[in-house]
């Protein structure tokens, strides 16, 4: 009895095909995937492919003796067999020779490929009955013997291999399986390494390569950015006449950018400078668009200062944060500390972008909050030191006279009003490139108010010798007039020794004078409403 049919119907066993060398981990994974995917959606398996739809006689036919020793393949004549021979093979003279040769070649192809269990093409089965096909198969086995078992086993191995590859690819897509090489079918080993190529190493190399390419692109963009920046400045200078002088000066002072690889520190500082000075094109910004937002902030600041001065109540001695320090010294220490903190931020390049927006007033592209923030901003130590010295010297005296609530309100309101006044004059005169910062306007208001409160008293300079103080003294109003006259002399180029914001100083003095007069009038009304007790005894 031929065992071809037995092999054809036998389920494929893992230990008889070429993939018996597969590792236990992969075999376990394949078994799990076979359980996950039912046969209706799995790739065509060897068992399903070997399901026979042909007559049983084809599977049980006897093989020619000696076929066990033959090879898998057998030669078949290239020329078609003549009609008499076809009639002899199939036992009938009615079968056309062309159809007979077609049947024989189809059967031989199935023998070689190990697919005798599969049906023949429809054009053959429609016209050839089963006994004709069995006769042709018997003749092929007798005249052209071959090892059909080996062909079937080769087919089983081939289909098992295809199934495993499809299952592994599916497992790789689902993330259940990851080859060492990172890709199915790729090389899994490298020279000198029994563990194979690492997916992490490949990802790391790819990321390093992309990172270097990005860094090189950013470096090149940085080096080429100065030329683009000059083009933008030239375009803006043509749009707005008020900034032509500023832009032309900036174009003249333009320097090549430092290479981050050769001079990283300088390149880092230049990058922070570019970020801080890059602004939106404000050539289409109108005068009202520049003034109204800042005016709204100033009005809000003045209103809040008034509410604070009217509602502030000094804390008890044991409730103060610094009970051992005089109230005036504590207030001024906080203000000086704020100014010193902003001064230190100007030395930290990453903070330049924030400071350029809110701590310096620039008419070209103003930020409304800068009318308040610039009051606490200084870029030079000399500027900071001189302002804080005058503030401490005069501010402490004014603080003792009017109290903390009124002092803080005067300082902020005078500073905001002075900054906005200077800013408005620059905008209206189309001088958009002059920036301003500093507490000079607020300090001018403090000095002016203190002089107004002591307008009828003899004032002198505290650090002069005593004999000089008796000779060099004047009323507060006289001192204030002398100070304002000195400021006005700065409008004359011959008397201008320092670059100062004269309009801010004058506006600060004006604010201080008005606030001083209002404060004196307020105290006079309070005195009239609440006369001393000894006057009340006389009926006043």
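Cβ atoms here come from the backbone N, Cα and C positions, even for glycine.
Record note: among 502-519, 520-537, 502-519 is the stretch given as transmembrane segment by TrEMBL. In TrEMBL, the feature region 'Disordered' is placed on 50-70, out of the ranges 50-70, 71-91, 92-112.
Per TrEMBL, the range carrying the annotation transmembrane segment out of 434-453, 454-473 is 434-453. Here the transmembrane segment (329-348) has Cβ contacts under 8 Å with residues 320-322, 354-355, 359, 376-379, 381, 384, 387-388, 391-392, 395-396, 399, 404, 407-408, 411, 439 of the same chain, all six or more residues outside its ends. Note on the transmembrane segment (291-309): residues 366, 368-372, 405-406, 408-410, 412-413, 416-417, 420, 423-424, 427 of its chain, located 6 or more positions outside it, place their CB under 8 angstroms from a CB of the stretch. The residues of the domain 'Peptidase S54 rhomboid' (371-518), classed with DSSP into helix (H, G, I), strand (E, B) and coil, number 107 helix, 7 strand, 34 coil.
Taking Cβ pairs closer than 8 Å, the transmembrane segment (407-428) reaches residues 287, 290-291, 294-295, 297-298, 301-302, 305-306, 308-309, 312, 328, 331, 335, 361, 363, 366, 370-372, 374-375, 395, 398-399, 434, 436, 439-442, 444-446, 449, 501, 503-508, 511-512, 515 in its own chain, all 6 or more past its ends. Here the transmembrane segment (474-496) has long-range neighbours at 447-448, 450-460, 502, 505-506, 509, 513, meaning same-chain residues at least 6 beyond its ends whose C-beta is under 8 angstroms from one of its own.
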